[in-house]
Ligand code: ADP
């Protein structure tokens, strides 16, 4: 079965083609074909990068602003040229999409029908940057592959759909909750994949474990996982809440927003831009939201870059503490995402705060670019894992399971 996965963001889109047989492999297989479209380099230009499992690569600049045109050209590389891996697009059995917001209704991977498309469109007011892009991807595939090819939506909110009411409800008038203003949580596909992978690496049943998964990328969130379910998470009604991030503020006093709206020249649009794109490490350092650049600036004596890094660590520790309290104990702390997987310094700084609980890192393992291994010292009271997140593979598995069930 050939499964195409589309993982679309506001500024880039990653796509993969998997070939799966009658049973699911234990470890993520290498995709037959992978593509990345990047719209951030220059206005009016999309950069397309394609790679096949036999290491044939292609890099092209496409002069267009139209996402559907770029997607059509990307799909052409599946069936023609050096990167060809299939003869016809009709060989694709199913297309899986990462959809950011599934609201209260969509709690698992769902076959896309008209009402699902309507729901994704209606939820755009909750996820204005992501849901419209996801819907556009679904409709473009419909046009190119036809409506006979099944498409599946895998929602980033689904894993958090059973948050207890105490964690999901905001302490504002209850009517807001009834209108859908509640904690949804995001990065669910990654948190769930990492939780399953950690249980597999520990040789234990996920249902017996208490885990905190730290997804630390440009966006960042933590999940507290008990009995295999997310019982608390740091992102909320939108992906702006919680940890300090690359360019997002994370949680701040809502009184600041009221003050800015009243006293300064801010409106909803400019607040949105400031809190999502000009805050976090970028806002504090004034340099960049990228951790590597922050560290490089700090090493050259930039004190605001140092403050940004110190604040990032403070925020991470504080929120791990909050998840720990929600769980009431911890078997393993799990790091993933660009920062979680690659920054030994951030992992070490985060863990140091929990030494009083008997959590001890093995510094050699932590420093040795770990992937899918336990980096805690043998006598640590809590295990610590670095897991390479595989969102696309998680989406492909959901598609495979859904088609098998039918
Ligand atoms: P996204 O959320 O956009 O998918 P990523 O998961 O790729 O982002 O994470 C991007 C972040 O990871 C950036 O802050 C980047 O600096 C950081 N990062 C990537 N590689 C390293 C590294 N080797 N050391 C430290 N930070 C890294």
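Any Cβ shown, glycine's included, is placed from N, Cα and C.
What TrEMBL says about a protein is an automatic prediction, not a curated fact.
Over in TrEMBL, the protein carries these features:
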- 7, 391: Mg(2+) binding site (BINDING)
- 14, 215, 216, 217, 218, 219, 290, 291, 292, 338, 339, 340, 341, 342: ATP binding site (BINDING)
- 98: substrate binding site (BINDING)
- 156: active site, proton donor/acceptor (ACT_SITE)
- 187: site 'Transition state stabilizer' (SITE)
- 248: site 'Transition state stabilizer' (SITE)
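Checking the recorded positions 216, 218, 248, 290, 292, 339 against ligand 1, the ones whose Cβ sits under 6 Å from it are 218, 290, 292, 339. Fewest Cβ neighbours within 10 Å among the recorded positions 98, 248, 292: that distinction goes to 292. Checking the recorded positions (7, 98, 156, 187, 391) against residue 218 (ATP binding site) with a 10 Å Cα-Cα cut-off leaves nothing. Most other Cβ atoms within 10 A: among the recorded positions 156, 290, 341, 391, that distinction falls to 156. Here the CA atom of residue 391 (Mg(2+) binding site) lies 14 Å from the CA atom of residue 216 (ATP binding site).
According to DSSP, residue 98 (substrate binding site) sits within a strand segment.
Note on residue 187 (site 'Transition state stabilizer'): other Cβ atoms within 10 Å of its Cβ, all shown chains, come to 30. The residue listed as 'active site, proton donor/acceptor' has its Cα within 10 Å of the Cα of none of the recorded positions 248, 292, 341. For the pair formed by residue 391 (Mg(2+) binding site) and residue 248 (site 'Transition state stabilizer'), distance between Cα atoms is given as 22 Å, rounded to the nearest Å. In sequence order, 216, 217, 220, 291, 346 constitute the residues six or more apart from residue 339 (ATP binding site) in its chain with CB-CB distances below 8 Å.
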